[in-house]
Amino acid sequence: MNATITLELYIFSNNSPVGLVESWFIPTNIFMIICSAVIIVLSIIFLFIIIIDKKCHTVPMLLMTNTCLAALILGCTVLTVGVFVLQNDLKQEDYKDPLCITRAYLIYTACGIFNFSFTLQSLYRYMIAVYPSRLLFQSFRCQASFICLTWIVSIIFPSECIPTQEIAYVVETHMCQAKLHPSVCIICGIFCNFNLPISMIMFIYLKLFRYVKQM
């Protein structure tokens, strides 16, 4: 606690633009790096098993592959962010590298893909249970089309925040992130990549639960 206060007084007394480095920042960064590394390793293992095992070449495993791929992208991006932020915290400096905004964009995009991947899984399970005779929906081509659609949606909406500079470097966190203020771009991005897929998952599983309960 005393070290933190001393650091804050030193920063203000020298009129430094460096953001305040709290005592819990560095352990949090290390924890984020470890979790990201675990996600990367597990995703690679799952993807490797799915690729080499022919028994996994099914439609449900296609949806699982989509989830693992999104987790891999998210894990790699968060890992690079964690390493970059940790370096800034250790050096007690603010440095915005050229890839800062790109990493923030990839995180928001990967989160959208990751959330939509669970939406597709829930929708597939619902159709299998309620409408098993509709084979078109269960086809590889149909599910692949849905996956491509979710990727397009997840990529487009966060990209609108880059030209408008809604994603910017924040000194306090030493990373680039979306500005927390009312904005059409931010609201649409949050709705399409977070609220929409999660709400659909809740609605689909609620419908599935009621269907199973009535059987």
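Note that Cβ sites are derived from N, Cα and C of the backbone, with glycine treated the same way.
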Legend entry - Correct range for transmembrane segment (source TrEMBL, candidates 105-123, 143-161): 105-123
Inset, instruction - May I ask for the residues of the chain that lie six or more residues beyond the transmembrane segment (30-51) and have a Cβ under 8 Å from a Cβ within it? - result: 57, 61, 64-65, 68-69, 71-72, 74-76, 78-79, 81-83, 86
Inset, instruction - Determine which residues of the chain contact the transmembrane segment (63-85) at the Cβ level, with the cut-off under 8 Å and only residues 6 or more beyond its ends counted. - result: 25, 29-30, 32-33, 35-37, 39-40, 42-44, 46-47, 50, 97, 99-100, 103-104, 106-107, 109-111, 113-114, 117-118, 120-121, 124, 143, 147, 173-175
